[in-house]
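Comments concern the structure below.
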Amino acid sequence: MSSPSSAGADLPTTTSSFAVGLAVLSRIGRSLMLPIAALPGAALLMRLGEPDLLGRWDVPWLDQVAKIMNGAGDALFDALPLLFAVGVAIGFARKSDGSTALSAVVGYLVWDRVIRLMFFDSTEQHQVSHTILEDGTPTLAVDYSAENPTRVLGGILIGLVTAILWQRYHRVKLPAWLAFFGGRRFVPMVTAVVALILGVAFGLIWPTVGNWVTQFGEWLATHATIGTGIYGLVNRLLIPLGLHHVLNSIVWFTIPGCEAGVDGSVQNAAGDMKCYFAGQVGAGEFMGGFFPVMMFGLPAAAVAIWRCAPLHRRAAVGGIMLSSGLVSFVTGITEPIEFAFVFVAPVLFIVHAVLTGASLAITAAFDGWLGFGFSAGLLDALMNASKSNTNNLGLIMGLGVIYGVIYYVIFTFLIKRLNIMTPGREPEPDEDAGEAPTPPPSASSASSPSPPDQAEPPPQPAS
């Protein structure tokens, strides 16, 4: 039985380990932002290249332009695992440089080829194989154009491994006769070896793990109302830690899977965002519910925060909150509003998370399908409003108006009822510094002399 002192000594270690774990996860979340930054361009290219936009006028040269733009955007979506490998490696490694990116490319190429070969010799052969004619005889061969079974998760793993190896070995010293391969030149080589080992290991275990992921994706697809609601709730709760990008990368690019196509073409895709832009009917249910919150709910919350500020501070608060609300409405960037209350008012943050989950659940229940390439703002809504697999746009926007009222009423009530210190409601500077307000002068104090350091200033001449 441990003594109180020893038990107390264990607590800082546990707390420290937990803090380190959170810090690492936060770094992973931030590193995901770099590859995600490529998605708006890819989504825009694919959207412009669809038949209802540039391809709608039946002009031969314009049709060719549309095909080229669609193909360019599709290329970026197809290369997402590689983009994530490079982006995560650069974002996660401290003081990374070009050798970090090169090492990530080397590592992912080795990983990709080994995984395919391992799957080809497993029970999941159908995922990476196709039939070719060899001397006139149909033969099963590895399909290197098929999507890697590990998808974006494989790219994230290789990116993290590359970053760790780069930080460990980018200054390594080798014997004089091998000095050319020392330092940063050593990292691609060691990354290739580690990627090979990981590829073999994951090739053995991924068929089982991949089936679990697939089954979870199928459960989400068949229980969309519950699944989207839970996703929306957890997504917002992870924002203070910066971990919502990790969750998004799974739901948007990994599960659920689909077979989608435009104009009769069929392609395998994975993740709600990729399936949506590939034209899959029903995709977009994990994104549509964000539009009522980001276009209407949070801007209304910003107005409530502004209106709850004292009159003499409303001008300053309005300049910040109203502009943040406009940014949220137009672009879907919500952090300036959310971080105005996430730490000072956890109750508002919890309400916001619950309402976000409810919005996604409601839109999914009524088949509200609308996607985005950047975020759930007006620009993406206009761009994808006429997309063939967008559904119940009116319901989504109508729910948004209702959400604007709900957010404004709830935020106003809670801020005033609980006296929450949202922007503009902070104590006055003297109280904030711990100083008591100056009491009104009394007769006795007026007759007593003032100390030298508190002497009254000389009277000023009248203007």
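Positions of Cβ are set from backbone N, Cα and C atoms, glycine also.
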Residues flagged as transmembrane segment in TrEMBL, choosing from 149-166, 365-382: 149-166
Among ranges 30-48, 315-333, whichever one TrEMBL labels transmembrane segment: 315-333
Stretch in 75-93, 286-306, 315-333 most in contact with the transmembrane segment (339-362), if contact is a CB pair under 8 A: 286-306
When counting Cβ pairs under 8 Å to the transmembrane segment (286-306), the leader among 149-166, 315-333, 392-415: 392-415
Residues from the same chain, set at least six apart from the ends of the transmembrane segment (392-415), whose C-beta lies under 8 A from its own: 288-289, 291-293, 295-301, 303-305, 307-308, 345, 347-348, 351, 355, 359, 362-363, 366-370, 381, 385, 422, 425
Arithmetic mean of per-residue pLDDT over the domain 'PTS EIIC type-1' (19-427): 88
